[in-house]
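So that you can see what the record holds, here are the features copied from TrEMBL:
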- 76-112: domain 'Zinc knuckle CX2CX4HX4C' (DOMAIN)
Amino acid sequence: MIMERWIPSPPADFLTSFDVWVRIRNISFNHFTLETMNTLGSSIRKVEEITYDPEVSQITDFVRVHVNMKIANHARSTKNLNIPSDEMVVIQYEYEKLWKHCFHCIRFTHEKTLYLLLCKSYGLMS
């Protein structure tokens, strides 16, 4: 839930975006650079802050990126990243403290754990 101070005449973009921290996983350690983190974070939305210091050793397997998300857009859960050694790595995005969203399309406008169409396609419904 997004909390904002009530105003009598809200602007058109009132409550249409929110700030969220995103954990980016599966980045190989030899590609831990600020440029890589910014590129991966920018594939979600505009990056506000990156909690990565190249001067300090990395003890976690993820990097945290602060982005401003639009509620109407869907979020990204994975991204295929081609690295110079002709390998493809699947980068995973984990949104911190986001509980109420659709786990299939990763939209924030509704909350569903299973879609009816998915249930029918998997033979879960008659």
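Just so it is clear, glycine is given a Cβ too, placed from its N, Cα and C backbone atoms.
The model shown is predicted, which means the values in this text are computed figures rather than measured ones.
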Confidence summary for the domain 'Zinc knuckle CX2CX4HX4C' (76-112), mean pLDDT rounded: 78
Within the domain 'Zinc knuckle CX2CX4HX4C' (76-112), residues counted as helix, strand or coil by DSSP: 0 helix, 16 strand, 21 coil
